[in-house]
């Protein structure tokens, strides 16, 4: 919406004048009949969800979010979502059991787990024995059948059922309240009370319990994620649960592990909390060959069985002997490269020697042009006698060809002076000429030797030969 323009222009002439007072308007309320016909829009949030979905890396994952229906998990169960999680909820939120970590539970264990008397809590036993209280009257779950059979028995079964029901109700209550709670104290207390029950009733209760567990496992309905065989192999064993399987059951489990490997190429092992793992399980795990970043080569689906699994699969990476061999080959290649990449041979300069020279010295020759000295080249200075008893000054370049940089006769009137630290200055007509246009013009030449002693010696010889 555009701003309102100024009604009065402010200038240097009217800046001290007071503005006219404006009348303040009032709002008038519409009648109810008019308001009924109006469409009143209210602000609403576009994405209405749980508070846990507002942020975080796992905000899209809703498998552990507890809906307001009470005790039902949307991530498990049938597709309709009407069946509760088996073994964790009985359809009723029981709030009679206080938390394990409370001081009252530590002082009086009977309050947390119910009465530990021989008869047990009748309310919990009735709820467990009745399959209709498990949340689904038409399809009772296998855990309900197992608990009902466990409850119908001697006093050991009743106390064990009461203990399990109390643990289940406590877990369901507190997990629904806070899914991030720590359940470690539960199993420690469960271990303690289970040991007390077993001390009271001895081995008779354990033997009957193992038989009832076996019957319950046989009558268990198929699960949504796999067969009953996989569930039987991946059962949870808590620390302190001293149930002993019969030899026949051990033989059945061993034969199943040998003949029916897991669909993903590894032997399935049971989850053990605080209990020693059977050596047969470790042996079966160690017998599986390590494939190392490579999948099974058999033509099998994701959840199917692989017929070629027993064959060892070769790793895509080389082993240690191959690595050693590769290192040897690379060493040989490196040696060949080093031989090929040697430094290029240095150019050997064969100096052209003047046999009849009585004086030879390495020097650098300069010539003067435009009031500055320019380098002519590096070579060897030779002083040679001639037939007419004169001295020839010859400077050859240090190359294989031995190009002549300067070749003149020392005349008697040639200027020769000592300059600088190791320089000798002469004036002559250069041959070969420096400037072809002015070939007969004298040019100042500068001869630089290595040391000052060499310069003094050369200057002395030149003066002697010039005078001669």
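Cβ coordinates come from backbone N, Cα and C, glycine included.
In summary, of the candidate residues 68, 270, 284, the record from Swiss-Prot lists phosphoserine for 270, whereas the others have no such entry there.
Between the stretches 304-345, 346-387, Swiss-Prot puts its region 'Disordered' entry on 304-345. Swiss-Prot records phosphoserine for one of 52, 212, 294, namely 52. Per Swiss-Prot, the annotated phosphoserine among residues 137, 208 corresponds to 208. DSSP states for the region 'Disordered' (1-26), grouped as helix (H, G, I), strand (E, B) and coil, give 0 helix, 0 strand, 26 coil. Counting residues per DSSP class in helix, strand and coil order gives 22 helix, 54 strand, 58 coil for the domain 'RanBD1' (335-468).
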